[in-house]
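Database features (Swiss-Prot):
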- N183: N-linked glycosylation site (CARBOHYD)
- 154-174: transmembrane segment (TRANSMEM)
- 320-340: transmembrane segment (TRANSMEM)
Amino acid sequence: MSFFSNLRAVNKLYPNQASFITDNTRLLTSTPAGFTNVLNAPSVRNIGNNRFQPGYQLSNNQFVSTSDINRITRNNDVPNIRGVFQGISDPQINSLSQLRRVDNVPDFNYHTKQTRSNAVKQNFPETNVRTPEGVQNALQQNPRLHSYMQSLKVGGTGILLATGGYFLFSAATLVQDIINAINNTGGSYYVQGKDAGEIAEACLLLQRTCRQDPNLNQSDVTICPFDPLLPNNPPELTNMCQGFNYEVEKTVCRGSDPSADPDSPQYVDISDLPAGQTLMCIEPYSFGDLVGDLGLDWLLGDEGLVGKSSNVSDSVSGKLMPIILLIGAVLFLGLIFYFIYRYMMKGGGGGGVGAATSPTPIVISMQNPTPTTAPR
């Protein structure tokens with residue numbers, strides 16, 4: 001089995017430590033260089049009711065769970081990979097890319113889009129909105145984005161989103177198109193990677209989505225025909241959202257996050273799924289999330305991010321220019337005084353070296369001619 005298949009297999013709770021040690025031995029046979037120093041130190045945490053959470057004991061005595069190892073390696077979360085696998089090299093981290101491609105792991109694309117969306121909402125807070133008024137205001141503050149999206153609407157071609165739905169241009173206005181796309185996001189998704197994980201096919205798991213947008217248009221969203229873990233619709237699935245409280249749980253899903261606290265209703269065991277498949281909860285989009293999903297963050301700002309960077313440079317240059325001019329003036333005056341001093345030293349009064357070396361004047365004596373007496 002491949003590295004990510006073996007890593008997925010240990011992403012579950014165990015009845016005892018010995019069972020995990022056995023599975024981890026199999027994992028080590030497929031572990032690439034740079035990662036064995038951590039995976040060679042298996043450990044467990046007793047979380048009660050004969051359940052043991054598997055993981056690894058780091059050199060600083062910190063415990064990291066197998067679910068966290070799965071999450072950071074599948075997401076290509078380089079900062080956290082470096083934090084866990086101390087001293088790992090760039091080539092060793094890059095080796096995971098090929099292993100992900102072998103198993104069609106799709107997670108890293110979602111992680112990249114989520115990271116981009118978070119940056120959009122942080123740097124341009126006006127995009128963190130879900131109302132028509134908020135979207136209109138965000139478009140007005142970002143004219144390049146507005147112009148580009150308007151051109152997309154003129155083209156009329158729908159765009160597939162990470163949630164499996166489409167950004168369609170069928171409403172009377174661009175703002176309403178955006179609101180419709182936002183309303184069709186949020187929930188539990190079953191994701192299957194294709195073409196080395198570069199393409200992801202996602203569908204919405206309605207029975208694991210405990211809070212749907214009231215304006216969700218199911219005809220514009222791909223609904224899963226069955227549940228990949230509970231295909232026979234047992235009571236465990238049909239009753240999953242009983243007692244759901246969004247204000248307490250702060251998420252729209254249950255049974256959709258393999259990295260969640262095992263005692264929370266959000267946790268799910270996906271260890272039986274192939275490495276190229278996963279379940280994930282995606283919270284309802286804001287306009288900023290939509291911009292990040294579409295990869296249009298480069299258009300934000302009055303002149304886009306590039307123009308914004310140029311404006312920052314111009315601002316810095318403007319502040320430094322008076323200082324630069326002052327320094328230049330001082331240097332110029334100093335140069336003038338230097339030449340004046342040199343001139344005075346060379347061409348000044350007698351004495352000294354100058355007098356000793358001055359050339360001797362040439363004196364020309366003019367004599368009257370001697371008269372001659374003519375013979376008489």
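Including glycine, each Cβ sits where the backbone N, Cα and C put it.
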In sequence order, which same-chain residues at least six apart have a C-beta under 8 angstroms from N183 (N-linked glycosylation site)? D213, N215, L216, N217
Residues sitting near the transmembrane segment (154-174): Cβ under 8 Å, six or more positions beyond its termini, same chain? 109-110, 113, 139, 146, 180-181, 184-187, 189, 200-204, 220-222, 282, 285, 290, 293-294
